[in-house]
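Participant: Features from Swiss-Prot:
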{"type": "ACT_SITE", "residues": "ASP201", "note": "active site, proton acceptor"}
{"type": "BINDING", "residues": "ASP427, ASN429, GLU438", "note": "Ca(2+) 2 binding site"}
{"type": "BINDING", "residues": "ASP463, ASP465, ASN467, TYR469, GLU474", "note": "Ca(2+) 3 binding site"}
{"type": "DOMAIN", "residues": "77-335", "note": "domain 'Protein kinase'"}
{"type": "DOMAIN", "residues": "378-413", "note": "domain 'EF-hand 1'"}
{"type": "DOMAIN", "residues": "414-449", "note": "domain 'EF-hand 2'"}
{"type": "DOMAIN", "residues": "450-485", "note": "domain 'EF-hand 3'"}
{"type": "DOMAIN", "residues": "486-521", "note": "domain 'EF-hand 4'"}
{"type": "LIPID", "residues": "GLY2", "note": "N-myristoyl glycine"}
{"type": "REGION", "residues": "341-371", "note": "region 'Autoinhibitory domain'"}
Amino acid sequence: MGNCCRSPAAAAREDVKSSHFPASAGKKKPHQARNGGVGGGGGGGGGGGGGGGAGQKRLPVLGEEGCELIGGIDDKYALDRELGRGEFGVTYLCMDRDTKELLACKSISKRKLRTAVDVEDVRREVAIMRHLPKSASIVSLREACEDEGAVHLVMELCEGGELFDRIVARGHYTERAAANVTRTIVEVVQLCHRHGVIHRDLKPENFLFANKKENSPLKAIDFGLSIFFKPGEKFSEIVGSPYYMAPEVLKRNYGPEIDIWSAGVILYILLCGVPPFWAETEQGVAQAILRGNIDFKREPWPNVSENAKDLVRRMLEPDPKLRLTAKQVLEHPWLQNAKKAPNVPLGDIVKSRLKQFSRMNRFKRRALRVIADHLSAEEVEDIKEMFKAMDTDNDGIVSYEELKSGIAKFGSHLAESEVQMLIEAVDTNGKDALDYGEFLAVSLHLQRMANDEHLRRAFLFFDKDGNGYIEPEELREALVDDGAGDSMEVVNDILQEVDTDKDGKISYDEFVAMMKTGTDWRKASRHYSRGRFNSLSMKLIKDGSVKLVNE
């Protein structure tokens, strides 16, 4: 099956691990040649990214934000097992060679930093983590450094597991527990806002428990989409995860209030086990968010306290001017009296929903990373060349006229609907031009939606024997690789949801249906998310669902 069955783990190791894993346990690795770093061959980075060809020295990513490692990461840290992986890199358990302290090292492959946007995201993540004061609720950054092949963020180790997993594992889940979690999340938001930072991607997966103790602190771990802001400043870039996205994000006019909305979505899920705004498609999710109708009728809401429901309503207030601030949320009676909140179990239905939500996310995350991993350098390079050809005056942007002219030149490669989408992008962004990052994002969206090739590749990754079905053992092995634990219980829960014809295995059609139901495309690709939701926003603007106003 060739490259389509290449594990994301293998790809990540090729990009990152080979440049810094110790040759043998506990031993230092000899200094590597400067030009022999990871990704030296192929994978050019467009628009100022961290890429470079064979024999080329890669440009520094961190600059003043980090230190440069001449010999590689293992001069200072011994890296061990993989803890997780994302779009750009892999997180490893590591040990400080001097102090023997166990830490986590997030290694970001420079080869995957394809554009200036990617590089700036990493640089800003480090700057924000350094800017925020130390807090028991935020993972601490010990060091940021880079070598030839990767950027390494060495952080405090959190071994207590994800938020929902801990809740599901407990035999007794109550409003009181939900209130304690909510307080921690909103305290993180308050700290960020006080120090001029919007998180922009609050979701359960971005919170881990520090350890496995019952009283372990909950910590925010990911600031990859966070941004600095000044009072009154508004942003238009669409980022974040669909379920947790505030309506003003879709309207392209937002400020720090979006973090309260996202925290409100998490609270709603904590209390009932499902998102408040859900649909079969991304457009359906977006329209549900814009309608803002909150369901308090289904189980277990009749048994939830009025104070809890009042706080949910106020956090999910569609008008950001009327939405509670972090300070007001923390002063709300439900949180002020958290110790008096009902300690009666919310019921098995909530735990069951949370477990399903968590495990389906894990399966989708795995599949989406396979999709992201197989966006080839050639695909990106083709887009880059098209951009250069259209940018006839070489000013780094494609104007409306250049786009129209370029589309005529490249017309055979673009369907009419795709041409229209690109033109709409220019018409609605207010600049009458596309920079490379915008052009790339929209183009990636067009490529991915043009056919099911990427979904087929992801399916074949799981279908190891090529018989046309993902069988229980194949699914179990893939999820074990992804750190889900060697548990058939997880597999059976996923099968129960995805295997609609109940034949004990997952067909391609069942897999596609799962992937297209409320899928969180942010986990597939940051570029894809930006392109997809910018395109979706344009569509909603065009059909009148979204009104662009100066708020």
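A Cβ is built for glycine as well, from the same backbone N, Cα and C atoms used for every other residue.
Burial and contacts for the listed features, if you can.
Facilitator: For ASP201 (active site, proton acceptor), the number of other Cβ atoms no farther than 10 Å from its own Cβ, over all displayed protein chains, is 21. DSSP assigns ASP201 (active site, proton acceptor) to coil, not to a helix or a strand.
Cβ environment of GLU474 (Ca(2+) 3 binding site): PHE462, ASP463, LYS464, ASP465 lie under 8 Å away, each six or more residues apart in the same chain.
Across the domain 'EF-hand 3' (450-485), mean pLDDT in this model comes to 79.
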Participant: Out of these binding-site residues, ASP463, ASP465, which one has the fewest other C-beta atoms within 10 Å of its own C-beta?
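Facilitator: It is ASP465 that, of the binding-site residues ASP463, ASP465, has the fewest other Cβ atoms within 10 Å.
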Participant: Determine, for the Ca(2+) 3 site, the additional residues of the same chain whose CB lies within 8 Å of the mean position of the CB atoms of ASP463, ASP465, ASN467, TYR469, GLU474; present them in sequence order.
Facilitator: PHE462, LYS464, GLY466, GLY468, ILE470, GLU471, LYS505
Participant: Let's check the environment of ASN467 (Ca(2+) 3 binding site): how many other CB atoms sit within 10 Å of its CB?
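Facilitator: Taking all protein chains shown, ASN467 (Ca(2+) 3 binding site) has 10 Cβ neighbours within 10 Å.
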